[in-house]
Structures are given as C-alpha cells and as structure tokens.
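*Asks:* Here you go, one structure.
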C-alpha cells in the first residue's frame, strides 16, 4: 500500500520540482477541459504560456505587459508574505491598496495642476501612508483588544470600497468629467504620471518598487534580526516570547509593512496603468496577491516568479479568449487548477511516499 | 435622432465617393469587449446577444471576436491593444469605464475603428453610441403614476451618474402627469446587477408604502418580489415577459443590434466615420415592451400616444415649464432640454423630495 511519511526536513529538490509538476498537471487537466469545450488543447495551452512571450505579433507588446500586471501583485504579495511568515493574516490588502491609491491621488489632485517635481514623491509618501494607516486599524485593534485581524482587515476592504466609490463620484471627481464618476486622468498630467521609465519596457516606478521590495524582503528575512523574530513568531510563538520578542511589536511591524507596500502598489497603479481613480479601478489585485504569496511559498524570489507566472496566465488567458474564443470562465478555472495542483503537489515537499507491502497477519 | 439621419446621408454620399474598403477574401474582423460575463442576464448579455444577431445578419462576411469580464482600467487597455494587434478592424467597447482606454488605444492604432458605448469622448477613429433610455422612462413613469393607489412609487438606483438621474427625473415628471400627488423614493444599491440586493431594495420600498417599483438595475429580482406582494413593476434592459401580465406592466428594452448591423455595414462599405449617436425610441434603440396588466383604458391610450409622440419627435420628455429641485428655473414654457445639459445631468427636478447622494 501507499503510505505518506513525514520528512524530517522539507525536501529541497521537491520545493523546486513541485511548481514545475503543478504547471505540467495544469496543462494536462486544462488541455482536457479545453478539448471537452471543443477547442484545440495544444493550441490553447501554447496561446496561454508561449504566445505572450514569443508570438511574433503579440510578444513585443505583451512581454512588457507582464511586468505591468505582475508589478503590483509582487509588491503586495511581498508585504503579505512577511506577515504570513509571522502568522499574521492580513486578508485586507485590497482595502489598503485602495486607500493608498485614494490618499496619494487626493494629495496630488489637491495641487492640480502643479508641475513641481516634488509632487510625485509626495504622492508616493501619501500613498504608502494611506495603506499603512488602513492596516494600522486591524493592528491596533488586535494588540489592544485582541480582535481577529483576518476579519477586521477583510471588513475594512468593504469600507475602503465605499470610500473609493464616494471619492470617484464626488470629492475626487473630475470637474471636466461631465458629472460621470472618475477623477482626472493622471496620464494627461505629465508631472505626476507614473509613465514607463524606458519606452516599451513596461518598467514603471511600481515595478521598480516591487523589485526593491523583493531584495529588501530577502535581506530582512534572511539576514536581519527583525526577520528572524518574524519567522520565530510564526514558527514557535512561545519560543519567541521567551526570547523577548514582543508580539505586539511584530503585529504592528508586519501589518505596517504589508499595508505600506499595498498602499504604494495602489498609488503606482492609479497614477500609471489605471490612470484615474474610478469606482472599480482596483480589480482585485489585493486578493490575487494572496494567491501569489502562497504560490511563491512566502519566499521573496518565489513570489517574484509566482507573480510573473500569474501575470502570464492572465495575459495568455486573454489571448486565448481572443484568438480561440474560449469562454472567460474557463480561463479562471485554468488559473484555479494551477493553484490547486500547486497546493496538492506540495505534499511531496513535506512527505515522502513509501510503498510497502501489507504485513501478513 | 435627427443627427442620426443627417450623418447617415453624409455617410451615403461618402460611400458613393469611396466605394468598398474591403477587397474580396479579406474578412473584416469585428471585436466586442464586455465588462461582465456574457450570461449576466443584464447589460453585457444584451450586447453579446446583439453582437450575435449582427453576426447572423452578416454570416461569413465578417469574423466576430469577443472578450468577456474585462475589468475597466489598465486591463481594458491591454485587451484592446491585443485585439487591435490581432487584426480587428472595428472594436465595440460596451461599458462606460472603457472610455479612456478606448481613446488611448485608438490613438495608437489610427487604422482600427472603435465604438464606445455610453461615453462622450470621440476621436477620428472613435465613435460613441448610447440610448435615450429616458424616453422609455417617460412612458413607464407615466404608467407608474397611473397605477399607484398609495401615491408612492419606488425607484432602485445603481450609481448617481447622469444616466440614472435622467431616468429618475423623467420617471417622476411623467408619473406626476398621470397623478399630481405622486411621491417618489429612491434606494441606491451601488451595483448594476445583484439580484439579492435588488430584491432587498424592492422590499424596502414596498415597506415604505410604494406599490409600483421601477428599477435601473438589470435582474428580474424586483419583479419576483413585486409579484409576491401584488405590486407592479417593469421589465428593465430585457422584456422580462415571463412576469406579464402582472406584475410587469411594460418594459424598457436595450436594442443594440440594429446599430451594430448599421455600423458593421458601414465598415464593410468603407463608409465608416466617427459619429456621436444618441438614439431613442424612434430609432429603435430603446424598445418599449407590450403593455400588459390592468392598466385603465385612459392611461393606456395616453401612454401609447406618449410613446408614439416621442418616437416621431413630436414630444420631448424634458419640455418646460420645469424647475430644478431647489426651485430655480430650468426650462421655460415649451422649451426643450438641450443634449449637453441632459448628458451631464446632476440635479433633480422640482417636486422630488430625496437628495442625490454624495
């Protein structure tokens, strides 16, 4: 019979192999699904994974778009992973993302139409602070009153969405918008437009910030004493307490980091690719980033790769809808399969399979 | 309406001059982008069905590609770019939030033509089209006024944007024409489609004493609640005839297919040019469903006449004397609202007692 035996230590080999295995299994199961839908499975999979990178017609456009799509996901996921390592479950990054965007945009629009070079940095600070402040609500409630940060941070997403709706339809609404909801478009305001740093590369400040965050998180978790405290709190809370680590400080630190990064992601998105504060500019990055964080094993480099992979399935999925007429829901199913297989194959990292004959009684 | 005809004749003369743009063997590719899934039962589904009707009309003469559930913003810009790169000749962007993405992408692809629904920004290769749903609201509003016994009618609003405010004003003005004592209350639910919220809002309005409820949201949930309560309502976006004869009295139907056929024909003929279309009952973009239920003879005749007069252009739903809610004068006796004011309408008319949120 087949038995699972716990490994003493997670297998390094399998840590690397499982994502590849998961992608292979997703291709198999997804291909089967596409075939059942009456679409050519190989072509569909090639369209999703290959065409965005190498198709002669699309690649030059979609390769930079990978960075645009992955940038905010990585930036938010890095922040979340720090908290998740410490066992602090910030589910409300979407809200912090929205508040960062709203605060940053509000500060910028207050100075419209200034063309000062200081304005964009000021907006970045305001964006980070907005996200940080929104994350401090669950942090303080948790440290003061022991509330559950999962519930509080999640509920605050809905509050943030209502603030966003009110901002885009009243106090940040563009006076030139004919009464329609939506702020001024930052793309038409060069001083604060978070444009591509080099043309046709997709690199904007948000992507740069994401790369810096990856490196900083790596250093923090691998080299810094606070990183050690964070990991210790997550893996052995009692030991951490004995070692003199203050749980309250870790909570405030972790939620602060993830809130700030989510807020920054929101600011870079709203001044860059999205261009304006609208009722639903957020498009779920804060939630998708949770998937990215776990897909990347809460490891900075893993998150970098997971963010890019996630972006690839989005962009490839759009191409597959366009070129092959696949329904949108099948693409979401395909993305779901990827996560499912990744978590399922994860078992090989922590367990080994033993084949043993049943003992004869 | 009149603008439509003018443009059509201009297009015709251009057609004679330039001839067909597509050589044989070169199939024009028409693309559609939807904000929701194509089976949402509401806005996106109607655009999708109209696209399919259009495809049926042209058969193999054109190719249609579609993309559903595209979020408004950065994602829309990417999807539109990819469509343009894949060789689309004409792209219909069917939601208001696609306005800036459409304009941005259109600037990068001057040879690709775009049609944006419900927006106001145009470019040499971007047309806009929208429906004068307020014309339909006049008819349903009149019927609501005629049918209420409690003198209270309810209205489910989505977002307080000009489109919705226009509908509320038109409904109220014409409900008062049928019954000068009518009061109207509005519940805002911040969504275009959410059956559970729509049902709750309907119940809330019924609890406040309303016995006719109109919705500016797309599901059939309000009608289901009204049916149980023995109150009245209307089909919205679709005919919703399954709720006839009661509680459904009539309906406002989104009819995009004639426009799609007309515009794709223009593309094939090489006569496509940038236009602003705001079409109503007369052009067939706003459909009024069959009148059903126990509508009194007199009201039925008046509503039918109103519909016909709006269609022929003899009557405009916003004709003075009309004051704004604060009592200030808006339209003098016999004066008709201009399209600019209507397009950006951000005020209620006199007599409405609720406030626009924010």
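Glycine is treated like the rest: Cβ placed from N, Cα and C.
Given the structure is predicted, the values throughout are model-derived calculations rather than measurements.
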*Asks:* Given A:47-65, A:66-84, which one carries TrEMBL's transmembrane segment label?
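*Replies:* Spelled out, TrEMBL records transmembrane segment over residues A:66-84, not the other listed ranges.
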*Asks:* Under an 8 Å Cβ to Cβ limit, what residues of the same chain, 6 or more beyond the ends of the transmembrane segment (A:96-112), are close to it?
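*Replies:* Hits for the transmembrane segment (A:96-112): 72, 76, 90, 119-120, 122-124, 126-135, 157, 160-161, 163-164, 167, 171-172, 183-184, 186, 189, 192, 258-259, 262-267, 269-271, 277, 281-282, 285-286.
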*Asks:* Return the stretch with the most CB pairs under 8 A relative to the transmembrane segment (A:202-221), choosing among A:12-37, A:118-141, A:242-268.
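*Replies:* Checked against A:12-37, A:118-141, A:242-268; highest Cβ contact count belongs to A:242-268.
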*Asks:* Report yes or no: does the transmembrane segment (A:66-84) come within contact of the transmembrane segment (A:150-172), defined as 3 or more CB pairs under 8 Å with a sequence separation of 6 or more?
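*Replies:* Contact between the transmembrane segment (A:66-84) and the transmembrane segment (A:150-172): absent.
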*Asks:* Six or more residues beyond either end and a Cβ under 8 Å away: which residues meet both conditions relative to the transmembrane segment (A:12-37)?
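*Replies:* Tertiary neighbours of the transmembrane segment (A:12-37) are 44-45, 49, 295, 297, 305, 309, 326-327, 330, 333-334, 337-338, 341-342, 344-346, 348-349.
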